[in-house]
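Residues annotated as active site, proton donor in TrEMBL: Glu76, Glu309, Glu330. Look at TrEMBL and you will find Asp216 tagged as active site. For Thr420, the entry in TrEMBL reads Ca(2+) binding site. Among the features that TrEMBL reports, region 'Disordered' is placed at 462-484, 520-569. What TrEMBL records for 470-482 is compositional bias 'Low complexity'. The compositional bias 'Basic and acidic residues' annotation in TrEMBL covers 545-561.
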Amino acid sequence: MFYHAFNGYMKHAFPLDELRPLSCEGEDSLGGYALTLIDSLDTLALLGDREQFAASVEWIGKNLRFDINKTVSIFETTIRVLGGLLSAHLIASDHTTGMKVASYENQLLDLAEDLARRLLPAFDTPTGIPFGSVNLLYGVDEHESKITSTAGGGTLTLEFGVLSRLTDDPIFEQVTKNAVRGLWARRSKLNLVGAHINVFTGEWTQKDAGIGTSIDSFYEYLLKAYLLFGDEEYLFIFQEAYGAAMHYLFNDPWYVEVNMDSAALVWPLFNSLQAFWPGLQVLAGDIDPAIRTHTAFFSVWKRYGFTPEGFNLATLSVQHGQKSYPLRPELIESTYWLYKATRNPRYLDAGRDMVASLQYGARCPCGYCHISDVEFHKQEDHMESFFLAETVKYLWLLFDLAAGPDNLVENGPYKYVFSTEGHLLPATPQISLVREHCSYLGAFCKSRVESESDAINNATSVEEAKHSFSEGTTSTETPPSSDFDELTSTTGLIRGFCPGLTHGQKFRMIYIGSTSTDDESVTETEAAQRHPTVVVTDHNSGHSTSDEKNVDNSQEHREEDVMNDPHPN
């Protein structure tokens, strides 16, 4: 399936952005820079196609340029192009992946940095939330709309964060984290966010809260940024946001849209973009509702052969004007994650049904076609690049996992986090442990030497800890840049006990905890059920223990307080 579509693109559309699979022609849809090829790079690597991967990397390195007069979407350019370049760079430059390109000299990383710098002007807003579009040559147009979606402003942290770690320039991570903070600071009292916001005034222009269109990947990147970078601020925001979504939006097994302020029902609609949610719940460890929701979503697929963009839960019919299926991967992605978590063969059966639908309903002469009407399976002459980046990738991973996995994701040298475009972002030390700085005490610092650990841990202030670190460093590596201190206080594993800073000081937040002795009957287990993360510190040993629920335990959490009912001030 992949090569039918990829070869069709290379023969009939390359170097244009995307393939028109019915007419066997090409079209520029984003910026006119071989979008589908960039989006396909890590899938080629995943399939073990060294020859095509190397040839594609070399062509892009020699021919791709971004100094063009094109106005592009910040969101789409980040997840498709920037993410594709970074993922391919990390594979092509690392011999442990088995796909290292001999002639490669960081050309894709240079292109990614150049592209990201051309996107930076979009973040110059009073709220820190970026404009939706930017011109790659001239910056933000004076007439550019000030309205953007929550997903558009909050789904940039992975790609920009990885770039900061690879280039040692904190600006990329800083602006995207500020965007997330800007959105979360404007949440409602119910901890819900709306769909669209004015990036200048911070006023919500559409207050419909949901997990689908315009909001979906905001939730996704909160958890994944924590998993990839170990930054606990993302984790705490995710816990609050996820708890609110499950309380106000979950109408078991479906999800509805409500007003972000009152929680009043806006409309009961299954949106096809919601189908990523069970996969996210697997990553968060909340399996049971994920299973029920996936069953409900897949029932819609079985009914029509595809999932329409909208399915009305009141009338149990396709929503008017939302009858298309543009080869979306979200339900397939969740199927893969649920099979990986449960090994239940029902998810292989679901995958087989999806393959059959695509083969018999969407396959066309040069690739795979959009379905413009799921009730009549009418084909449309368009194939999004994400079909090769995500849809067939997750299908292949599903069945390869069942057959006994032999691929980069399952057996490779690193654990991978998938971007919202399905790009492989590895948890390498350079990415996940970079600049473990000493802005808090007991940090795991890259340049730290064991002989100085006592001086650092016994310090009573941030400045004293930094002084102890700098005075005692004997490594040739330089201490972490202080620029990152403004970025975040925690970007990875924490070692030891931190007597100098509270959690609130580290994140510049105030948490209101229940410390009343009247509630002595509340056990640690009950507290853990209330809050996904409960941390108990043994002050004598100087180490913390954590009990986690619903969150991947790939990172250690060491804090000094038991946090109950956290609400940022």
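Along the chain as shown, residues are numbered 1 onward.
Here the Cβ of each residue, glycine as well, is placed from N, Cα and C on the backbone.
Unlike curated records, TrEMBL annotations are generated automatically.
In terms of C-alpha distance, the listed recorded positions Asp216, Glu309, Thr420 place Thr420 closest to Glu76 (active site, proton donor). Looking at Glu330 (active site, proton donor) and Thr420 (Ca(2+) binding site), their Cα atoms lie 9 Å from each other. In this view, Glu76 (active site, proton donor) is surrounded by 19 other Cβ atoms within 10 Å of its Cβ, with every protein chain counted.
On a Cα basis, Thr420 (Ca(2+) binding site) lies 18 Å away from Glu309 (active site, proton donor).
Proximity of the residue listed as 'Ca(2+) binding site' to non-local residues of its own chain (separation of 6 or more, Cβ distance below 8 Å) is seen for Ile79, Thr155, Leu158, Ser217, Glu220, Tyr221, Phe276, given in sequence order. Long-range neighbours of Asp216 (active site) (same chain, six or more residues apart, CB within less than 8 Å of its CB): Ala151, Leu273, Gln274, Phe276, Trp277.
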